[in-house]
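Student: So TrEMBL has the following annotated:
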DOMAIN    45-145  domain 'Cadherin'
DOMAIN    146-261  domain 'Cadherin'
DOMAIN    262-373  domain 'Cadherin'
DOMAIN    374-492  domain 'Cadherin'
DOMAIN    493-597  domain 'Cadherin'
DOMAIN    597-731  domain 'Cadherin'
DOMAIN    973-1009  domain 'EGF-like'
DISULFID  CYS999-CYS1008  disulfide bond
DOMAIN    1010-1221  domain 'Laminin G'
DOMAIN    1224-1264  domain 'EGF-like'
DISULFID  CYS1254-CYS1263  disulfide bond
DOMAIN    1267-1458  domain 'Laminin G'
DOMAIN    1501-1539  domain 'EGF-like'
DISULFID  CYS1510-CYS1527  disulfide bond
DISULFID  CYS1529-CYS1538  disulfide bond
TRANSMEM  1553-1574  transmembrane segment
Amino acid sequence: MKSLLKSSSYIDTQIKSHTRTHLDTITKFIRTGIADKEDYPLFFEKAFYETEVDENEEINHPILTVTARTAHNESSPVQYKITSGNLDGAFRIHNTTGQIFIACALDYEKIKKYELRITASDSFKENYTTVVINVRDVNDNSPIFEKTSYRTQITEEDDRALPKRVLKVTANDADVDRPNNIIYFLTGPGINAENPSESNFDINKATGEIFVLKPLNRDPPHGRSQWRFNVFAQDEGGEGLVGFAEVQINLKDVNDNAPVFPHGTYNGNVTENGTAGMYVMTMKADDYDDINEGTNAKLIYSIEKNAIEEDTGAPIFEINPDTGVIKTSVCCLDREKTPDYSLQIVATDGGGLKGTGTASIKVTDLNDMPPHFTKDEWFVEVEETDGSTLPDLPILTVTVNDDDEINNFQYKIIDSSGYGADKFSMIKNTDGTGSLKVIQPLDYEDPMQMNGFRFRIQVKDDEKINDTDKNHVAHSWVIVKLKDINDNTPKFKKPLIEASVYESAEIGKVLGTFKAIDLDKGGKGKLTYMINRTSDRHRQFAINSDGVVTIQRPLDRETSARHDLEILAIDDGTPPRTATASLVVIVKDVNDNAPEFAENYRPIVPENSPPRKIIEIRAMDRDDALRGNGAPFQFRLDPSADDTIRSSFKVEQNQKGANGEGVAIVSSLSSFDREQQKEYLLPIVIRDSGTPAKTGTSTLTIVVGDVNDNLMHSGSKDITVYNYLGQAPDTPIGRIFVNDLDDWDLEDKKFYWNDVENHRFKLDEETGMLTMRRGAREGKHKLHFKVYDRKHIQETSANITVSVKHLPYEAIVHSGSLRVVGLTDEQLISNWDSKTQATHRSKIDKLQDKLAELLNVDRKNIDIFSIQLRPNSSPPLTDIRFSAHTQFFYKAVRLNGLVLLHKHEIETSVGINITMVNINECMDENNNCNGSCSSRLDINSNPYVVNANKTAFVGLHINATGNCECDAKTFNKIETCKTHPCLNGGKCVENKYGIRCHCLPNYEGPRCQQTTRSFRGNGWAWYPSLDMCDNSHLSLEFVTLKADGILLYNGPIIKPTISQNSNITTDLSDFISLELDRGYPRLLIDFGSGTSELIVRTKKLLNDGEWHQIDVFWDMETIRIVVDFCKSAEIIEADDGTSPEIDLSSCQAQSKTKPFNEFLNVNTPLQVGGLYREKFDYINTQWQMNPIGEYFDGCIRNIKHNGVYIDLAHPGLSKNTAPGCPVIQDICYNVHPTNKCLDHGTCIGSMNEPKCECHAGWTGQFCNTPTIPTTFKSQSFIKYALSFEPNRFSTSLQMRFRTRERFGEIFRMSDQQTREYGILEVFEAKLRFRYSLNSAQVEEQQIGLTSVQVDDGQWHFVKINRYGSAIMMEIDGGEGKNYNETFTFQGHQWLSIDKQEGIFVGGKPEFTGIKSIEVNSDYQNSCIDDIRLDGKSLPLPPHTNGTQWGQATAARNVERYCASNNPCTNAFCPEPFECVDLWNKYECSCGDGMVVSSEGKGCVDRNECLDMPCLNSGTCINQEPRLRYRCVCPENFWGENCEFMKERQALKLSTSALAAVIACLLIIIILLFLYFSFNRKRTTAATNKKPVTKDDIRENIINYCDEGGGENDMMTFDMKTLKIPMGTQLPELVQHKGTSRPDIAVVSDQIIKVDTTVMNERKRRVDDTIQVQPFDDLRNYAYEGVGSTAGSLSSVLESGTRIKD
């Protein structure tokens, strides 16, 4: 056996090779060496290896691993290599592991199988094996077409044998051993895979045959001469690889198109008088057939219809048949005879097809006709010029006729042709007319010019023409008449007068006479003399109509030794001119002032000291010492001084002292004890040296100084601290108190804690001052201390109780205030009597008790949080501020009003003297300010400390000042939500453009004010008083049927008293009262120096159930009342521009103010709708007239003072009044056409008629359609033609707009000559309205909103109201800076509007040439929406071109909607900022709730709590940016900002009680059902004998949820009553608004008495009407709405019956 193994042999072996597609059997002879293991130790694991691999496998992909080893598994290394069979190096083997890899790309189509010989060797031996690798075929070859491009040609429009084979394509696949299953398909033009019926071509998927499916058109404009698309071949039945080729199919032309002239009519021209053969024009026709296909598109031109010369009959024109050039065939065409010709031209192609066009030939003009003026003489009247200012516009336009078509008219004035020819010039206008302009000043006062001018003007029709050519020159005369204007300022004969007068001069003394002259009106103009009140603030002088100046109030040299008066002379021109002169009044002294101490002496004399000299006193005199009315002075102790003073002190005279003026030496006569008396008051009499001498008494206060001569005892102290918002800094709150008769021994004492130190407080051991640290908690703190006296070597204890209370923002806002005279702040809080060493109740405690009693609240809910002594006040004045609350804080007007009503009661009970309630620093007229004054409260961050012995008070430090401006008219404040501008729960939204208020329903004011309130005939309401402004406007609207009633009153509510101390403000008697008296408005106003009464006798009484507006104006000089904007005024306007005649007596009354007070000073509640009469009957002896004071019955709305709405919600105190106007609302809600508009509209109806006004941005009958804005691009405009006649006296204009432009004209309305106009425009980013009302010449005036920027890209709502010359302008709610007015009726009052040519939006276009226009003041890149003129909507193209009120006759460059220009598209914002589209502008900003960090490089959370958004003592918690903030509300409040008060808790029932109630209700319902069912059956059996049928179904079964349920349906009734509309409303029915079925009636929860008279009468009428069908046939009308002409039962409700809750 061993020998056998050593020998070699060949073994036949069959090897089967397998592939995916077929099976082959191959016989190979493999030589296998068999050796002894000792001889051949190395062998492979397998003698033969075989595997498969895909031809597209990646390079380096492992195939298999061969392994060789020795018999004993020796570890010697084996090396592998491929020794043969590796064709093209397709494989490689790892020399140590034996792993075989692909070395290069395989290709089945080239080599299908590899046989590799693998040799393995170690250090001694080697062996080999065979590896067979079969390559598997994959689909890696795309089909390839025989051609890359296929071309063929077919005939166009061939519809025979469709579909028709066009060509065949063939593709081959290189993967030969794979199935040849190729699918063909097409893509490209003419192939629609989604909708094959729309395709022009298709292909046989299997054969590649391409077919045309439709006849194809080759010719333009819709055909194409060539189709190019792609054909694709995909193998493996459409699942494999794809190959493609291009297919091009050309269309062969057929002559199927006639020639066509694209434009139809062609224009040409030829010069008149030209020769024959002149070129005229070229006609060009198009033939869409192929020009290269025979003569299909070869054209021949001919004239089918020529123009014929009348004289010769010859054709006038000829045409070249090949080129289409038209020429004249005759000469000398005459334009004036035949200006144009029309020829019919024919073009014929090679196939005989024809096309026709028109040649319109115009004969161009030659200047061969003379011009002539349309008038031989022109007349114009013009005003003289105002000085050297010349008018910009021409004063006359002349017209010229010339038969020539083209003229270049040149105008001029013939020199020396008449007087005045040099003062004018002629200019040519763009339309060819000529205009006369003024080039030199015109002066009516010049005698030469007074009679006017006459001169000659010339025109020639070409500038090259000589002036002597009569065939081209014409002349005419011009007469100019001058009108006098007010162009001369009056002149004083004496511009300066000086006068000297003693201060004791009597009233009426003449100081001088001023005379002025005016050259206007021939020197006959009327002059009015006035004193400029700014130079005479106290009205001490007067001037009469003759210019005589007199004294009208006493003079005082010590107040003012010189008066510089400005005298005015005002003429009666329009506008008036004013001249000024000066009157200097020197006031000479008289000895009218007694001497007084030179300074405020307060010497100190130590206690227990012996008699001594105390002080030397000097005196002073305010009189003129140079006139001897002063020193030397004589001093003595007042003989009437009490015995204690005379025995304790002496006063001696030292005549030489003070340089001979004299001094008083005051000395003591005994020693003093401070513990018995701390100070002494010495009356010292001082006498001057004047003639006659004046004597006065001054009081010297001598203070007894303290010495530490008493022992101390333990003491206690109570300290009250009010901490505003809990944010007070470290604050000294008072000194430690011990019982010690000495009070100046602080330096002898030492203070320290008795126990552990309280970390919330800090003690100063030297002064005993206790400081409360910041953040001290609310509540009571009991503190214990020790006090050591160094002098007496004594120690004692002291206790302090500190009560800390946090004070919310609302307490300040709603605080009352009063001013006390004669008591200091220490005296008010003190409860310790140092003499008796006993305690008592402090006056503040008594005041708190009394306030709690008067306001009917718990004492603990009264907070007296500020007690401040006014500095430098003598006698002392102390201001007290307090608040009161239950569930909410009482309003300040309620607190102040009730305190004022019970002022005397409080004074008696508390022991104080109240000099002012509702502290207002503006009440003392002309003291703090010489004009407007607004009271201001500023809270100092450091609290105000009042320290008494056993008590201390730490309150808010409030600085009350009078700011010398009218707050309502001061617009320089930065608006912020921190000041809580939004009222009544409104939400304040603040952004970079300002603030906006989002209001709750029924709060219509711009700051969420409630603007309407109703009164029931016996009620009233209190609101804050009117501010003091020197130029005030108060307005309101009202509706009533009652002839008498007070609309508003502001003035005393208790009888005014007069103080004897001139330094103390007393109760003011100023008041204003507006009321209806027998249907006429009656105004009473009193500035404290006399009552003025104004009554307007209107043409109609104002108690007519319609809304009326009253405007009241007052300043320092005049008072005026206007009713309904003076729409009832009688006006006569002349056409020549002269001043109109105006009769305002039926709508306006006016008077002068009563001297000498100038302002309305009120700080009491403003009473609306009635008067509170408990303490005052409103009859005052100081008033010359008193209010009637009848209660008002009706509604009042829109009370505005100086442009600011008064919030009528939640009056401070009221009776029988309600928000809104129920009587009007009832009419609006119960009238069918109106109630549907209330979602986006407002009912503005009266008691007589409802009317709906849509909100801005809404339109339609029911205001349910949003308006569509329009964008105005560059050079854009809209022109309108109106279908209504605008009112000449009044104009209303409103719209929405948004822009980022600083300039642009928004709206223009004007007459034909643009002399009368109104223009709304953006000027320098502000809104202004320019207008002129003079029909003869432009007299422009303007009004604007100078504090509002409108170029912010936000939507704004603007409204202009004009009544005559009175203009009201408002934007975005019209309050404060958003409102302006000029409310006077002076000069011209009418505005005429050209309905067809006078209305433009976006700018007015001006023609700059032929077919060329330019829009001046272009309102570009901006938007406009919802234009309403006089309440009528105008269309906005392109969305709407017309409405019933007007038509847009022209529009240019406008687009629908108002889209932004996407500014963020190309913007880049660095992280973390994001781009925000601000409409046509972008901004890189932080997200919502974030702000830019302090370094400006990042975003941080915005702390909204800094804005104090939480009201009513709510606690603000700042949250993450997305959530902003959260308010934790007190128990009785809710809402996002704690703005709402919770309703009272509802009645709570236990479960058992609730079940019992439900059971009882069910029993009652069942009993009622049984009763009504039984009653119905009985009634039916007795009355209806008809057989019962299924159709006899009644709707009157008593079901109170169904229609008709009720007592009247308990029996059968005549159905004819349902067939006649009810017509009028049935009384006392109510409607259930909550039901979803409007035709279901319900029973009201009210007890209603139903009047059946109307129903019974209608029933009787129907029963008597024979024509009514059917007659009680119940079966026909058993089902609601079936067969009845009356419709359903719900028609009864719709025809007049309205149902309420």
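Yeah, the Cβs are placed from backbone N, Cα and C, and that goes for glycine too.
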Student: Could you give the Cα-Cα distance between CYS1538 (disulfide bond) and CYS1527 (disulfide bond), in whole Å?
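Tutor: Rounded to a whole number, the Cα-Cα distance is 7 Å.
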Student: Give, as a single whole number between 0 and 100, the mean pLDDT over the domain 'Cadherin' (262-373).
Tutor: 89
Student: Counting only residues 6+ away in sequence within the same chain, which have a CB under 8 Å from the CB of CYS1254 (disulfide bond)?
Tutor: CYS1237, HIS1240, GLY1241, GLY1260, CYS1263
Student: Whole-number answer please: how many Å between the C-alpha atoms of CYS1008 (disulfide bond) and CYS1510 (disulfide bond)?
Tutor: 17
Student: In the domain 'Cadherin' (146-261), how many residues does DSSP put in helix, strand and coil?
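Tutor: Going through the domain 'Cadherin' (146-261) residue by residue, I get 7 helix, 47 strand, 62 coil.
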Student: Among 262-373, 1010-1221, 1267-1458, 1501-1539, point out the range having the most Cβ pairs under 8 angstroms from the domain 'Cadherin' (493-597).
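Tutor: Comparing 262-373, 1010-1221, 1267-1458, 1501-1539 against the domain 'Cadherin' (493-597), the winner is 1010-1221.
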Student: Relative to the domain 'EGF-like' (1501-1539), which of 374-492, 973-1009, 1010-1221 accounts for the most Cβ pairs at distances under 8 Å?
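Tutor: That would be 973-1009.
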Student: Given a Cβ distance threshold of under 8 angstroms, which distant residues of the chain, six or more beyond its ends, lie next to the domain 'EGF-like' (973-1009)?
Tutor: 809, 813, 1205-1210, 1219-1220, 1242, 1352, 1354, 1372-1375, 1378, 1506-1509, 1511, 1535-1537, 1539-1540
Student: If I take the alpha carbons of CYS1527 (disulfide bond) and CYS999 (disulfide bond), what is the distance between them in whole Å?
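Tutor: Checking the Cα atoms of CYS1527 (disulfide bond) and CYS999 (disulfide bond) gives a distance of 19 Å.
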Student: Looking only at Cβ atoms, how many others are within 10 Å of the one on CYS1538 (disulfide bond)?
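Tutor: Cβ-Cβ neighbours of CYS1538 (disulfide bond) within 10 Å number 23.
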Student: May I ask which residues of the same chain, at least 6 positions away in sequence, place their Cβ under 8 angstroms from the Cβ of CYS999 (disulfide bond)?
Tutor: CYS982, ASN984, GLY986, LYS987, GLY1005, CYS1008
Student: Among CYS1008, CYS1263, CYS1510, CYS1527, CYS1529, all listed as disulfide-bonded residues, which has the most CB atoms within 10 Å of its CB?
Tutor: CYS1510
Student: Per DSSP, what is the residue count of the domain 'Cadherin' (374-492) in each of helix, strand and coil?
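Tutor: Computed counts for the domain 'Cadherin' (374-492) are 7 helix, 49 strand, 63 coil.
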Student: Return only the integer: C-alpha distance in Å from CYS1510 (disulfide bond) to CYS1529 (disulfide bond).
Tutor: 8
